[in-house]
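According to Swiss-Prot, the protein has these features:
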REGION    1-235  region 'Alpha N-terminal domain (alpha-NTD)'
REGION    249-329  region 'Alpha C-terminal domain (alpha-CTD)'
Amino acid sequence: MQGSVTEFLKPRLVDIEQVSSTHAKVTLEPLERGFGHTLGNALRRILLSSMPGCAVTEVEIDGVLHEYSTKEGVQEDILEILLNLKGLAVKVQGKDDVILTLNKSGIGPVTAADITHDGDVEIVKPQHVLCHLTDENAAISMRIKVQRGRGYVPASARIHSEEYERPIGRLLVDACYSPVERIAYNVEAARVEQRTDLDKLVIEMETNGTIDPEEAIRRAATILAEQLEAFVDLRDVRQPEVKEEKPEFDPILLRPVDDLELTVRSANCLKAEAIHYIGDLVQRTEVELLKTPNLGKKSLTEIKDVLASRGLSLGMRLENWPPASIADE
């Protein structure tokens with residue numbers, strides 16, 4: 001194994017041991033010393049906290065007003081039933097939330113297989129027990145809301161302003177969206193030729209059956225790679241804030257007086273006084289204009305009316321006039 005002293009080893013062996021449909025062991029080697037813990041801990045945290053999945057978030061049980069109660073003919077109390085519902089493994093295709101229904105009567109266990117659902121929903125563990133009915137006349141009816149999410153979201157975090165509008169009897173459930181039930185990693189020694197200081201990463205994990213363990217690790221690695229992309233080329237990814245520069249003067253003030261369409265007599269009088277722009281004109285007062293040769297009161301009235309129609313008037317004060325664009329002409 002020859003190479004540059006600065007060159008890092010890349011894993012060449014990936015072994016996947018499928019213990020069961022929900023349990024797998026993944027071995028990755030060789031890794032440079034220390035990278036076993038670096039990658040193992042990062043993948044473990046992502047698998048536990050950031051994997052998307054579906055979970056029960058709300059439940060309505062006929063005859064039950066709150067979670068601190070019991071139901072006649074049912075062995076478990078309501079809190080225990082809610083706890084069992086948290087363990088319900090559900091796969092939902094193409095939807096972010098669905099409503100499932102359950103109706104069961106007679107003595108015996110109530111399982112996930114008793115839940116009624118459409119073709120977009122799959123109950124992964126139909127044998128999962130929700131409660132037990134202890135009387136021939138006992139019955140239980142539920143409406144179960146399943147939502148898509150990520151990580152763990154307690155019911156208290158979903159209580160907001162609409163809480164007061166929530167119907168009595170609708171029970172909130174702590175939502176554990178992550179399909180990963182258990183994850184552990186171990187770093188063992190590995191050897192390549194003469195090097196004996198290398199790492200071998202062994203990841204062992206169990207899921208609830210809604211995702212294949214191999215696929216879960218693949219997704220976690222993808223999430224990690226996407227988050228690290230920003231460090232590959234360290235640039236400020238924030239978009240620069242574009243500040244709109246407000247013009248120093250109203251654009252109409254920069255237009256020539258010819259745009260006012262005054263009579264020939266009035267226009268010629270203004271040009272004789274070097275009044276070429278509307279900004280020049282509005283700074284003049286009535287007294288100043290009346291001193292202009294050949295400009296009488298009739299022309300003054302015309303000018304005032306035309307300016308008023310554009311929201312302007314005589315005698316205005318303009319700081320820093322004329323602007324550089326005009327002064328240079």
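Yeah, the Cβs are placed from backbone N, Cα and C, and that goes for glycine too.
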Whole-number mean of pLDDT values that fall within the region 'Alpha N-terminal domain (alpha-NTD)' (1-235): 88
Residue counts (helix, strand, coil, in that order) that DSSP gives for the region 'Alpha C-terminal domain (alpha-CTD)' (249-329): 43 helix, 2 strand, 36 coil
